[in-house]
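Step one of this worksheet: look at the structure below.
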Amino acid sequence: MFILSSPSGAGKTTIARKLLAADDQLCLSVSATTRPMRDGEVEGKDYHFVPQPEFDRMVEEHEFLEWAHVFGHSYGTPKAHIWNGMKDGKDFLFDIDWQGTQQLNQRASEDVVPVFILPPSIDELRRRLIARGTDDAKVIDARMERARAEISHWSEYRYVVVNDDIDRCFAQVREILHAERMRRERQTGLVRFVRELMAGPPPGA
Ligand code: 5GP
């Protein structure tokens, strides 16, 4: 479970898109949310957009791996898809906040790789949020407030990357993904491979 968290506007969505395009072993965890759909978003691709009663039912019936309130709306990761994919050896990319990261860490810390993306400065963060053009001034102020709160959780993450250049940031995040895949305990089939290696004929035989 490869988690990318950041305040909105730090470039997390761009990095996530680039990773998914570059790596066919990686699937996106599509969250459920009660927030309204933004222009250009697609149901089932960006989010599963659900009404609050449906979200509450999913919470009641333990259908979420984690869930949280963010900006006055509810967001959650549906379990079934993730567990099934992981059984098939797939890796999942999560675009979730610090609250969700804490919950996944508590449930399955061995399987979790938490990465935090920082903006190069607060001014740049505001500039990027305005340039995105999806939110009005009041929402941007709220997001800036929220950004400070999100950033305060940076030290709970195993990796922290500053996004002052999108290509460099992407390359660094990709290196993290590659290195984590090489960890001994994640390399399935290694025990058998080494056993066969050791059972081979001795030198000179
Ligand atoms: P947005 O509304 O801009 O798409 O997302 C707002 C925030 O909610 C982002 O920080 C995003 O990472 C977070 N988020 C999206 N989906 C989930 C989820 O399933 N669980 C949690 N905990 N946070 C989420």
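Cβ coordinates come from backbone N, Cα and C, glycine included.
TrEMBL labels come from automatic prediction, so no person has curated them.
The annotation ATP binding site is assigned in TrEMBL to Ser6, Pro7, Ser8, Gly9, Ala10, Gly11, Lys12, Thr13. Here TrEMBL flags 1-178 as domain 'Guanylate kinase-like'.
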Practice task
Just the binding-site residues from Ser6, Pro7, Ser8, Gly9 whose C-beta lies under 6 Å from any atom of ligand 1, please, or none if there are none.
Solution key: Ser8
Exercise for the section: Mind giving me a neighbour count for Pro7 (ATP binding site)? Other Cβ atoms within 10 Å of its Cβ, every protein chain shown. Expected result: 23
Exercise for the section: Under 8 Å Cβ to Cβ from Ser6 (ATP binding site), same chain, six or more residues apart: give me those in sequence order, or none if nothing qualifies. Expected result: Lys12, Phe116, Ile117, Leu118, Pro119, Glu150, Asn163
Completion exercise
Other C-beta atoms within 10 angstroms of the C-beta of Gly11 (ATP binding site) total 24
Problem - Remaining residues near the recorded ATP site, that is with C-beta within 8 Å of the centroid of the site residues Ser6, Pro7, Ser8, Gly9, Ala10, Gly11, Lys12, Thr13 - result: Ile117, Pro119, Leu125, Arg128, Asn163
